[in-house]
Amino acid sequence: MKKKRVILAYSGGLDTSIIVRWLTEKGYEVITYTADVGQGEELSEIPEKARRAGAIEAIVEDLKETFAENYCLPTLRALALYEGKYPLTAALSRPLIAERLVYYAEKFNADYVAHGSTGKGNDQVRFELSVWALNPDIEVLAPVREWEFKSREEQVEYAQRFNIPVKATKEKPYSIDRNLWGVSIECGPLEDPWQEPPQDAYQITQSPEEAPDEPEYVTVGFEKGKPVYLNGERYEEQWKLIANLNEIAGRHGVGRIDMVENRLVGIKSREIYEAPGAMVLYEAYRDLLSLVLDRFTFHYFLTHIPHEYAKLVYEGLWFTPLREALDAFTNKIAEFATGEVRLKLYKGSVSVVGRRSPNSLYVEELATYSEKDQFDQIAGKHFTKVWGLPLKVLGRVRKGK
């Protein structure tokens, strides 16, 4: 009898490592798929780890530039932060991975694709909605939703029993998801929202207390909304600029986020994120937009786009006309976003200290209070009178006049 074939989204972490063995014991033929979206050095161990766990084949694909160009950049252009804080580090990679799972399922005639998401997490929605949008006939398996393990400690014991190497231990039971855009960390002592995160939970950022005592200045250059220069050096590959900025900002403790967020399934979850490069780029791009956009467009953009874009990414709606429409809007805005932004990094903080653009709408002669002032202040008097007319009428009515 022919075995059922499944393409598994494989990170090499605790959950997906034991999923390989678990599916194999259930009679599945497992092919693992790993997208290199900037996980770092750990990726070199992935194929051997997958085969040791029972996979018949392990696919690793370099998608760093695809991830940077087609996922990180559009999200940056939207200034998307879920609930005003989370830069969507893990969430952004899910539709890309799902797209490749579908590709390889079709290529290898697999009956199923599988992921390692839990029944109370967000990723189950992101993976499955993306797969269905691309190929509604493919069935999705989620072993974590139905297997027998009740705790992370039991999973660690299972992995140790089958000699499956994983980083998680009973002493350090973190679940870590890392890519080019940042790191997501949860579980273990982090589940108590009152307790400060242990320093060993952080992966790519220095503790602000131990960061350099001198600030470091960086300059990010944009061309039509795309960061292409870092400190005067041009980057033809977007992922390399982000990676270098991660290293620079990370050593200054920039980009640490500790938040309680609202998951899709209705629960609140304490999450730790590290996104040094992303947070520097967000700060820089927002400031550049404030320089080059008129007030009406800038205010509309800030009021609507960041929230709506973050929401659709978080909720697994990447492959929708809504996302395409919002991309069209942000791409139009980006046509004006050429210029440089200078930022100061110091002990966990990032602040803009300078900006310039050939499309700048800042006119010094209108803004200055010096003798160069060209603003017609008499016009200001009449403007104020017209602008305040509704309140003047309101005041008269309330006073009965």
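Quick reminder: no glycine exception, Cβ is built from N, Cα and C everywhere.
Residues or ranges marked as ATP binding site in Swiss-Prot: Ala9, Tyr10, Ser11, Gly12, Gly13, Leu14, Asp15, Thr16, Ser17, Ala35, Gly116. Taken from Swiss-Prot, the feature L-citrulline binding site covers Tyr86, Asn122, Arg126, Ser175, Ser184, Glu261, Tyr273, and the record attributes it to sequence analysis. The feature L-aspartate binding site is assigned by Swiss-Prot to Thr118, Asn122, Asp123.
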Remaining residues near the recorded L-aspartate site, that is with C-beta within 8 Å of the centroid of the site residues Thr118, Asn122, Asp123: Ser117, Lys120, Gly121, Gln124, Val125, Arg126, Arg263
Residues Ala9, Tyr10, Ser11, Gly12, Gly13, Leu14, Asp15, Thr16, Ser17, Ala35, Gly116 [recorded ATP binders]: greatest CA to CA distance in Å: 17
Alpha-carbon distance [Tyr273 (L-citrulline binding site); Asp123 (L-aspartate binding site)] in Å: 16
Between Asn122 (L-citrulline binding site) and Asp15 (ATP binding site): CA-CA distance (Å): 15
Distance, Tyr273 (L-citrulline binding site) to Ala9 (ATP binding site) (CA atoms, angstrom): 22
DSSP-derived class (H/G/I helix, E/B strand, else coil) of Asp123 (L-aspartate binding site): helix
Assigned conformation of Asp15 (ATP binding site) - DSSP reduced to three states: helix
Neighbour count (Cβ, 10 Å) for Asp15 (ATP binding site): 23
For Gly116 (ATP binding site): intrachain residues, at least 6 apart, with Cβ closer than 8 Å: Leu8, Ala9, Tyr10, Ser11, Gly13, Asp15, Thr16, Ile19, Ala142, Pro143, Val144
